[in-house]
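Feature annotations, reproduced from TrEMBL:
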type     : residues  : note
DOMAIN   : B:128-228 : domain 'P-type ATPase A'
TRANSMEM : B:7-29    : transmembrane segment
TRANSMEM : B:35-53   : transmembrane segment
TRANSMEM : B:65-85   : transmembrane segment
TRANSMEM : B:91-110  : transmembrane segment
TRANSMEM : B:247-266 : transmembrane segment
TRANSMEM : B:272-298 : transmembrane segment
TRANSMEM : B:581-604 : transmembrane segment
TRANSMEM : B:610-629 : transmembrane segment
Amino acid sequence: MTKLLVLIVGLAIIGFIVWWFFGKHEVAEVSAEVSNNNQSIDVEVNGGYSPETVVLKKGVPATLNFTRKDKSSCLDRVVFSDFGINKALPINEEEKIEIDTSKAGEYQWACGMDMFHGKLIIK
Amino acid sequence: MSITKRFWISLIFSLPMLANMILMPFGWMLPGGNWTQLILTTVIMIISARPFWQSAWASFTKHHSNMDTLVAIGTVTAYVYSIYAMATSQAVFFESAAFVTTFVLLGQVFEEKMRNNASNAVEKLVDLQAKDAEVMRDGKLVNIPLSEVIVGDIVRVKPGQKVAVDGVITEGTSTIDESMVTGESMPVSKKSGDKVIGSTINSNGTFMFRAEKVGDDTMLSQIVELVKKAQNSHAPIQNLTDKVSDIFVPTVLIIAIFTFIFWYVFLGASVASSLIFAVAVVVIACPCALGLATPTALMVGTGRSAKMGILIKNGEVLEAVNDVKTVVFDKTGTITVGKPEVTDVVGDKRTVLSVATGLEQSSEHPLASAIVKRAENEAISIPKVSQFKAIEGKGVSALINDKKSFVGNDKLLEDVQIDAKLKQQVIDLQEEAKTVVFVGVENKVIGLIAIQDAPKETSKEAIEDLKARGLKTVMLTGDNQRVAEAIASQVGIDSVIADVLPSDKADHVKALQQDGKVAFVGDGINDAPALTVADVGIAMGSGTDIAIESGGIVLVKNDLRDVDRALALSKKTFNRIKLNLFWAFVYNILGIPVAAGIFYGIGLTLSPELAGLAMAFSSLSVVTSSMLLNKAKITSKAKFA
């Protein structure tokens, strides 16, 4: 009887894992507001990036302010491979990253180990 | 709290439990028994392991998972079960939670160090810059910080000093050590009019130079920028790991649950031992090794090649190099020195040179400058020229003394007359690898100018190295077939495609791509399309900016032998990436089943502690393997066994 219960609970947890991690979930998306010919977005780094997708306007100088709140060494660097940016993120410090917005497109950023990803859209 | 501190705390509090484990068979027990273990482990869990839970929880709320998820679940399961077991007087395994935390942190301490080493190499390049410069201001030499030097400044460099920025020598001579930028170990002698590169070291003379490029425009800054981009670029092979890493952690969790269900429900094992198998599965799985495999190798490989004066722009290029079958060379400036000289003048020397100079003086073609230079040496007066016209791919024509005069290559011969004697002389000259320019007036050739552009000293060796690697070599040139063949046989090139119009170079590269991937080596503006079309574009550093922009690999030293070194380094790096990925996959594919207890029947099992140790060292070994690329031998001569 206990075994049957364990089996059911186990399968239920598996079902939950599949739904939680593989199911479709909304991703936080934030568009930058332009003021004084400048745009900036704050990105919090804590078990991933929030917002995970940022939208910037083409041609306006942009800064992304990353603040890492997560102690995991997984997230201690942020890499924009298309821009040649690889920056260390000291914990609880705001790190400004200048983004060249001259070319429209979709770019990825990732943590140093390529486990967490964020998306940068310039349009 | 830093990882290092967390590690030390974790280690110190684990040691009594380690002693307990080792000495138990000899009858020694930890005073206080389970209670002591509970207290020690609780300290470790609260201080050292808490950040794992925090990170795991934070990513869980975002529907993500990472390595910390696995470590957190593994340790918390062991810890919580042990408390339950203690309450119900069953066997506990607090030490598993403690040891796993310690080992994982140990791995992270090392890994952090190594990763910083790997990425710091480029930042060191920037430190090479001079801090200040002695600059002429208001007629006086003053010392100012580097950042205040502007274009046009006259800068003095004394022996032993660093050249502040890029520029051209205005007075004085010296020899300069350029190894930090070009990788060339021999000092280069420089005189007035020669270019100097910022951050290089002046050895014996004092000289003045005019600053031409400052700040981010200097060669060193450009190189640093390029290398940074390369080091952080994505190699296509990573697309595989990207996909795997997205599903890795949840999949491992599912496998762990199955493991527990299997042992407990179907095989009838106890809760404790079923749980140990499940925890071992969670702990041994290591997505980090997969994630680190490519970036670390890319970083070390491109950094090392930059030190050798070979700039590989990104991971894509690195990957493409592996399948290159044919290497195509541009002739002028790539295989040859690119400074042609007039060797023979046939016909009435003064008239021929005078007409030719009149027509060519405003041209920027290297052949034209050779003619103009010769005329200057011979003190030939330049006639007045009007109605100047270029004949595409053939030459130029204009009116001199009201007579239609022309200068051009043998394609012009379709339109004009030439006598048999001259024709034979043309063939003789061309077979000596000299380019022949025809000079004529009123549709008749009045003379010939033979121009030679000698191959670089190193070209022959460079081609031999590539052939030893089993690559096919091709030369692509706008020059005449006979001249091209003469040069090709001097340097040992397999085949020649001559008489190519500049606009057709890219098409020829495309045609060669039918038989496999092609690398194109060139330096001129007209090479840019071919550099882009080729699977791997290799630009000579002395070349034009547009060529450097178009190439995937830039050879700063301008030495053709670096083509072979570039290929060797790219291959080494890419092979290391593959090796890293192979081990990272094999490790997980073998480790997980062993941890799950599949080989229990033959006595092969893994305790969670050992699984934690293996996990810590799998990512460490990947980073180490990448770092070893710095030590890997680069043989410029590939030999077939």
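Each residue's number is its place along the chain shown, starting with 1.
Glycine too: its Cβ is placed from the backbone N, Cα and C atoms.
Per-residue confidence over the domain 'P-type ATPase A' (B:128-228) averages out at a pLDDT of 85.
Long-range contacts of the transmembrane segment (B:247-266) within the same chain: residues 65-67, 69-70, 73, 273-275, 277-279, 281-282, 285, 287, 290, 592, 596-597, each at least 6 residues beyond the stretch ends and with a Cβ under 8 Å from a Cβ of the stretch. Nonlocal intrachain contacts for the transmembrane segment (B:65-85), taken as residues 6+ away from its ends with a CB within less than 8 angstroms of a stretch CB, comprise 37-38, 41, 45, 49, 51-53, 55-57, 59, 91-94, 96-97, 100-101, 104, 249-250, 252-253, 256, 271-272, 275, 278-279, 282-283, 285-288, 608, 612.
Within its own chain, the transmembrane segment (B:7-29) is flanked in space by residues 36-37, 40-41, 43-44, 47-49, 94-95, 98-99, 101-102, 105-106, 108-109, which lie at least six positions past its ends and keep a Cβ under 8 Å from the stretch. By the Cβ criterion (distance under 8 Å, sequence gap of 6 or more), the transmembrane segment (B:91-110) is not counted as touching the transmembrane segment (B:581-604), fewer than 3 such pairs being found. Counting C-beta pairs under 8 angstroms (sequence separation of 6 or more), the transmembrane segment (B:610-629) reaches the transmembrane segment (B:272-298) with 3 or more such pairs.
Remote same-chain partners of the transmembrane segment (B:272-298), defined as residues 6 or more beyond its termini with a Cβ less than 8 Å from a stretch Cβ, comprise 66-67, 70-71, 73-74, 77-78, 81, 85, 90-91, 93, 96, 100, 111, 114-115, 118, 230-233, 235, 237-238, 241, 244-245, 248-249, 252-253, 255-257, 259-260, 263-264, 315, 318, 573, 576-577, 580-581, 583-585, 587-588, 591-592, 594-597, 605-608, 610-612, 614-615, 618-619, 621-623, 625-627, 629.
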